[in-house]
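**Student:** There's a structure below that I have some questions on.
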Amino acid sequence: MSKRIEVRDLNVYYGKFKAVEDVSLTIEPRSVTAFIGPSGCGKSTFIRTLNRMHEVIPGAYVEGEVLVDGDNLYGAGIDPVLVRRQVGMVFQRPNPFPTMSIADNVLAGVKLNNRRISKSDADDLVEKSLQGANLWNEVKDRLDRPGSSLSGGQQQRLCIARAIAVEPEVILMDEPCSALDPISTLAIEDLIEELKRDYTIVIVTHNMQQASRVSDKTAFFTIAGTGMPGTLIEYDDTSVIFSNPSVKATEDYVSGKFG
Amino acid sequence: MAIDSTPAPLRTSTPANIHDHGRLNRRTPWTILGLSLAAGFGVAAFLGSVGATDGLSLTLALALGTVLYVVMITLISRQIEGTRQATDRFVTAMVTIAFTVAIIPLISLLFTVVTRGAARFDIQFFSESMRNVVGEGGGAAHAIVGTLLMTGTAAIISIPIGLMTAIYLVEYGRGPLARAITFFVDVMTGIPSIVAGLFAFALFALVFGPGVRMGFAGSIALSVLMIPVVVRSCEEMLRIVPNELREAAYALGVPKWLTVLKVVLPTSIAGITTGIMIAIARVIGETAPLLIVAGFTASMNYDMFNDRMQSLPVFVFTSYANQGVDSQAFLDRAWAGALTLILIVMVLNLTARLIARLFAPTLGR
């Protein structure tokens with residue numbers, strides 16, 4: 001169910017502005033890969049290219065290749081909608097659909113696509129996804145309440161349940177814990193640890209402890225200056241990045257000497 | 001007015017705390033207002049008695065009293081409370097005056113329409129047309145039916161066009177075409193209603209020959225006025241749907257059109273409904289275009305595509321403009337028609353609020 005992602009010579013643009021330059025890396029299946037780096041260095045921009053969410057912004061485009069198990073996401077004739085069904089995404093701020101109940105939020109991927117699903121299959125899918133997101137026990141008695149009635153941490157896990165309900169190959173998480181308290185963060189981190197068994201996970205984080213706790217490999221991005229494109233500085237096992245990085249800039253950043 | 005005795009008792013307490021300073025007693029402004037008005041009436045009565053004005057002028061008394069109050073409250077407050085509080089009292093007084101000036105015509109209008117309209121606000125008014133009525137009796141059933149038919153048809157035409165234009169502008173429109181549409185919608189918002197009427201008249205005269213009158217032409221004229229209002233309000237409502245919700249749907253592999261249909265529209269449905277109701281309320285009172293293209297008649301007409309059709313605003317106008325022998329009966333019917341129109345608009349607005357409350361999504365975080 002999980003797939004290897006290979007990125008080759010990727011340049012990402014917002015109109016004329018080049019936001020990320022020349023990134024090449026390989027993300028292994030069933031692993032957690034963390035992207036770290038200062039604000040504005042292109043981590044979020046880069047992660048959004050992995051499921052073609054980048055191009056929903058007017059004027060944004062990408063040069064280069066992203067291969068998921070050898071298939072180029074940016075090949076001619078590729079439908080971005082189908083790509084996004086394979087590569088799910090969780091956003092920085094929890095964004096459950098306000099018009100839907102908790103159960104409907106989980107089923108959003110099915111229902112919004114007008115696919116028919118029997119009542120019993122739907123119930124099974126809701127339970128399985130919420131179990132998968134460690135939320136089932138907290139909400140099983142109020143599945144018909146609106147999704148916005150949950151706390152921030154619960155909403156974020158609801159969004160994760162919604163993402164895994166469509167059974168993607170890869171889950172991208174763009175700073176999933178930055179709006180959450182430490183307890184909810186811990187719940188999400190435990191969840192990432194479990195999800196790793198089935199999915200390829202890519203996470204953007206500003207929290208270096210979090211990167212070192214949850215990820216197997218870490219990529220460090222930075223920018224040379226304002227208006228310059230972000231670049232991938234170093235990509236290695238998390239333990240190497242945090243203990244013995246080969247580039248001075250990485251060491252400065254992870255040890256807090258940056259800038 | 002003896003104000004030199006006021007300052008001392010006005011203090012609520014002697015300052016004990018360094019943050020404490022003089023405050024006017026809560027009742028003092030009201031006392032000043034009462035005294036100012038009394039003085040205003042006094043002066044006005046005096047001017048009336050010496051013959052400078054024609055009797056006691058109520059307007060003069062109120063105006064003098066108000067000006068006196070504003071001056072007094074500012075001066076007294078500056079003495080006791082300091083400059084900042086005095087400015088606050090002054091601006092509060094000015095805002096209250098502005099509000100009162102704005103609300104007085106509204107209340108006066110409602111009061112006049114209700115008192116004069118009540119005379120003929122009876123069952124006969126809602127059940128009979130004006131066919132073969134020359135004096136008393138008769139009613140506006142034909143006008144109410146005409147108004148509902150024409151406005152309803154206008155809504156059926158305008159809502160899909162307006163809503164889809166708004167969706168195009170917000171979700172799809174980029175570049176020159178979208179800018180051109182936005183510009184023309186802005187221009188259309190300012191079209192005088194008579195021009196819309198003439199447009200519909202010219203259009204139908206081209207097809208059916210000159211002198212054509214029909215209810216459907218009235219609907220077209222109303223649509224021309226209604227579409228830009230619907231586009232504008234729907235556009236605003238669609239724009240405030242958070243982009244995060246669209247992205248959430250895209251990330252689940254939902255195509256754009258389904259995202260619009262099943263996420264964006266349900267989230268903004270409350271605002272859209274309110275906007276549409278307000279657009280309907282805006283055109284239901286139009287007189288000029290209907291006078292031209294739908295004409296006026298004394299008879300009931302249910303056929304949108306044939307013959308003249310009466311509407312409530314035109315009914316009010318014709319009753320007033322073409323009074324018969326028993327002119328009071330015509331005037332009474334005109335007022336009752338105006339009252340009915342105001343009530344219809346009020347019901348529409350209340351419905352809009354109710355719908356907005358029922359559909360409003362809980363966006364709490």
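Positions of Cβ are set from backbone N, Cα and C atoms, glycine also.
Note that the coordinates shown come from a computational prediction; the quantities given were computed from them, not determined experimentally.
TrEMBL lists these features:
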type	residues	note
REGION	B:1-22	region 'Disordered'
TRANSMEM	B:30-50	transmembrane segment
TRANSMEM	B:56-78	transmembrane segment
TRANSMEM	B:90-119	transmembrane segment
TRANSMEM	B:139-169	transmembrane segment
DOMAIN	B:144-352	domain 'ABC transmembrane type-1'
TRANSMEM	B:181-208	transmembrane segment
TRANSMEM	B:214-231	transmembrane segment
TRANSMEM	B:334-356	transmembrane segment
**Student:** Which bits of the chain, at least 6 residues beyond where the transmembrane segment (B:334-356) starts or stops, bring a Cβ under 8 A of a Cβ in it?
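**Tutor:** For the transmembrane segment (B:334-356), the far contacts come to 110, 113-114, 116-121, 125-126, 140, 143-144, 147, 270-271, 273-274, 276-278, 280-281, 284-285, 312-313, 315-316, 319-320.
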**Student:** Between the stretches B:30-50, B:90-119, B:214-231, which wins on the count of C-beta pairs under 8 angstroms to the transmembrane segment (B:139-169)?
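**Tutor:** Looking at each of B:30-50, B:90-119, B:214-231 in turn, the most contacts to the transmembrane segment (B:139-169) are made by B:214-231.
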**Student:** Which residues of the chain, 6 or more past the ends of the transmembrane segment (B:90-119), have a CB below 8 A from one of its CBs?
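**Tutor:** Answer is 66, 69-70, 73-74, 77, 331-332, 335-340, 342.
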